[in-house]
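To start, the structure under review is shown below, and the notes come after it.
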Amino acid sequence: MPTEDTLVERSIALTEKWQRASNKIKSKRQIEFDEKVAKMVRNPVNKVFLTELIDQSFRPSEAKRAADQLAYLLNKYEKVDLFDSFESLLIELFHKAGRHVPRVSVPAVVSRIRQETSDVILDGETEALIKHIKRRQKEKVGVNVNVIGEALLGEEEASKRMETYEQTLAIPQVNYISIKISTIYSQLSSLAFDDTVDTLVERLTRLFRSAKTNSYTDESGERRAKFINLDMEEYRDLALTVVAFKRTLDREEFKDFQAGIVLQAYLPDSPAWQKDLTEWAQERVQKGGAPIKLRLVKGANMDMEQTEASSKGWPQAPYHEKLDTDANYKRMLHYAMTPERSSCVRLGIASHNLFELAHAYLLATDKGVLEHVVFEMLEGMADATARIIHEAGMPILLYAPVAEKKHFTHAIAYYVRRLDENTSPQNFLTHSFKLEPGDKDWNFLAEQFRSAYRRMGKVRSGPYRLQDRNDESQRSIKSTLDIDRFVAESDTDWTLAPNREWARSIVEKWRGLPGGEVKEIPVSVGDRYVFDDLDTKEVIDLSQYEQKIPIARYALASEALIDEALEVAAEDRSGWAAMTHEERHRILSSAAQEIRLARGDLIGVAAAEVGKLFTETDTEVSETVDFAEFYPMAMGRFVERPNLEFTGKGVGVVVPPWNFPIAIPAGGVLASLAAGNNTILKPSPQSTCCGWVICEALWKAGVPREALQFLPCRNDPEATRLVTSDKTSFVIFTGSTKTALSILNGRPRLPIYAETGGKNAMVVSGLSDRDKAIADIAQSAFGNTGQKCSATSLVMLHRSLYEDPSFKAAMIDAAKSLPVGYAWDFRSKLGPLANPVGGPLEHAINHLENGEEWALQPQVSPTNPHLLTPGILWNVSQKSYCYRNELFGPVVGVMPYDDLNEAIRLVNETDYGLTAGLHSLDEREIKKWQESIRAGNLYINRGTTGAIVLRQPFGGMAKSAIGAGIKVGGWNYPLEFANVREVGLPKRRTANDPLLSKFEFLMESYPEEIDEQVQKRLQAAFESSLYEYDRVFSKIEDYFKVRGEANQSRYLKMHDILVRIEESDSTFSVFSRLFNAILSETALCISLSDTISEELKDWYGQHTPELKASLVVEEQSALCGRVASVDRMRFASPSSVSDELYEAAAKKGVYIAADPPLVDGRLELILYFREQSVSHAYHRYGNLGQHQLNPHAEDVLSPGSLPEEVYRRSESEEEDS
């Protein structure tokens, strides 16, 4: 038997023989293709251009729009050297004339592109496919047909795809097809693993029967069933595919049926699955069953796997090194190629790497198993190589993607992956197009082959993804206190079997049972629990609504207990406020770990109490962990400044909603605690049990019970008493605008930090990835049953899409295919509503107006008013009830637009400004949209939900925020709840700027003498602000650098700021505020008290033009009438603001910035800007495009400001307020 070293060198020698022979027989078309690929390797811009050209040219249905985009791309990439002389001539003709006659030129360009890709993506029309297969049959080459169709968004399309597969199997010339489970079932779920497999088995059974029914006669004259191969791309489909494959073939009717399955060698999991399949197949054959086939590939979905891993914070599923993939490929070959295994598991060697093919050929020969091996390649990629190997006596099977003309856009993802494969530096194909034995590339590839062979016994075997929620205590986690670095907590990976077992254990623990334990939840005041003698409220298991199974009773705090709790908090009996920041940080980091350990209980209680699905609550728990780790770290960044001392504001009251029953209450509590405040949680009546489990975790971590008190109570009079008490220092509120205004009007001077509602719109361009847009709409509109404040509730479609029946049908299909049910049923994609259908939601369902119609009418369950199916309301207008009102349910309104300016106007005129989305592949549209939309969180080519701490700090504008508008989950958020005292001057300063000279002159001319100490403080304040503006407020930050997604935080200047100057204001407060307003480049209005001396009035009148400001001398009462027309009012202190003005501001929900001005510019400048987060998923199927060439190519944002009309509150908004 030859030694392994001999086998390696024999393989290289055979490769050389085949390569020389292949080079001699290449066709002219293949040589031209090779040259084009070589150009892309030499100049990567060529590949970027070709990818964008193919990805975008087919999208618009309007020829004029397509021509405009084509012209833009040609101008953008004018220096590409990709084209041959004929193509260059076509481009020149397009520039000169074609762009002016798009109905003629665009079809010609599209036709040329299809022609260029026709060798790789075959014409899927039946006659063309038959013709191609017949040609291959004459060459004695098999064809594995992979039908590419519309993306699978819903079950109607899944049904069509099943019919397409059956029709393809009925074509006499077709005897081999490949399918993926993701093309036959739209609701794949790793969490609902067994149910998903059951559905897949039924559908595979139908296809396998069709393959048997449509049998064919092979070359030997024997009748055979047609062959079906199960393909796969995504790691998450691996276990589902293997298990469904085995269970289907285990059916008695398929005992003699041969089928195949793919395994990807770039996954270290694959050897174990190969062993599992092999042992199962051997047992099957021993029982008289037919063998199976294993198609062994290296894997072609690396970019998307890397992108998902980066986004989710999970380990990358494939190997990190190409060498490991090559070694694993060889290892799997060696395992398979024994007589006892290969007779049961026949092998398809799928590769274009001649070294691999030569090695497999010789190994199979040496082992005596060559009869069980077939070589497989991709159509159009290496015809000459396939011919040479075929002539050596090996059977060849060509993998042939086919697409009808109407489905060509759906083949783009496949073509992009092929481009990546052809140009990746370590791939054989990249070097193969002009490969000559003995040259530099040849020697590189030969040595790569040797190295992989030597590594075969050392390469990892077993998955990288090992998360196991069953024992979180074993995780080695360093807190932000230890490493001073924030790492986002990962969500649960449901593809892993231990995590699915863990999910089932949650059901067993938390699902209510008739006659089971009813937990008693007390009020927690000071260091005691109170339950007896208080009114109580019963909680039933909302995920078993019909059975009315009680799971808990919680006590309702009395007014006396509320007063006692406020007194305990105000007196700081726990000493929480007196602790050092480091002491609090350590406790909160312990809290993060306790929350990790309580993940299962938090998921369980949310499922039972509010019916929230496991997948939805799981992300909330991750966010809660992030809050516990991040907020004390963020606070610490400011505490460490030697010039500042921080203390808590006093008593913080957190009033959360029920729709995020874990993250929002915990986030408010943790931010308040991190800033040093004693905190009272007043939970939502619908999610009180959730609040209790949160508090238990924090108390267990060491948060004193006197520092965190738990007060469920009625809204009136108890909750009102709580939030309006003089002992309450501030309120953190999330809920409706109406409720927030009610709280504020009850106590106008109350510092309230309120995230209110959102009427969030997704704009879908005519030049968008339609399938991805629909998928994101479905997730954003119907996730959490539409009960997220960030949910997409309006969809604005370009008219070309709005009037396209296929787009409308796909939207409907995606929505109505979502299973509606309960949290205990893992198949559910929509759970119950927390409240029965009522209010604005019920009104919208029952009252169509202004030409509206139901594209998909929502249905309320006859047995449960909490269950509502998705609804799509078509032809919504600005006059519609649905346009301006939050519905808080799974109903989305759809309206058309004709140009992007109109869409932007429609978005901005909703009066809200929480989240907004855009789907477009045109970077010009992206730039215009993101610089014009009034919303706190912008999302591009992704859904509008799922903000992650620090990645996308969350919070809105206009009616979506009341208070200072500082974003949750951002660096500045905990600062809101702390008092600061300056004990020195800031050290970080910039001393060279023209603005300094201007203000030195102004101070010299000031009528009142400015003493030396004040001058020193002002100089420090100016220089500190310049420093912080340059390094923070004028910068755009992306803290995480997620692959394929830019998550940028920026500061937008206010449109205008009114600086109010009273007679009592200090000189420091006057010049500090003026300087920062000028520095922020906002429109400045100086409002002078009419009681100020005439000398000062003259001075302001003289120098206001230098400041490019406007000047108004007025009584403060005059400001009451225009409080809502100014972006920000800046006073020198709360005492200088009259009660009358506070009351006027409270009625409009307007924030008055009245904290005394600070020397430290990092803190002071926050008041002169608003924050915005922009998340842009710029990758295409994992391909990074121009961003791979330039990692900062996505930085098209500018700090700047929104257009003037964006800032103005509409008349209707003022009326509503």
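Each Cβ is built from the backbone N, Cα and C atoms, and glycine gets one as well.
For GLU755 (among others), the entry in TrEMBL reads active site. Around GLU755 (active site), the C-beta neighbours below 8 angstroms that are at least 6 residues distant in the chain are PHE733, THR734, CYS789, LEU914, PHE954, GLY955, GLY956, SER960, ALA961, VAL968. Annotation note: GLU755 (active site) sits in a strand segment as assigned by DSSP.
Residues or ranges marked as active site by TrEMBL: CYS789 (among others). In this view, CYS789 (active site) is surrounded by 26 other Cβ atoms within 10 Å of its Cβ, with every protein chain counted. In the three-state DSSP scheme, CYS789 (active site) falls into the coil class.
Residues or ranges marked as domain 'Proline dehydrogenase' in TrEMBL: 130-430.
Annotation comment: TrEMBL describes 547-968 as domain 'Aldehyde dehydrogenase'.
Positions annotated as region 'Disordered' by TrEMBL: 1190-1217.
Mean pLDDT for the domain 'Aldehyde dehydrogenase' (547-968) in this predicted model: 97.
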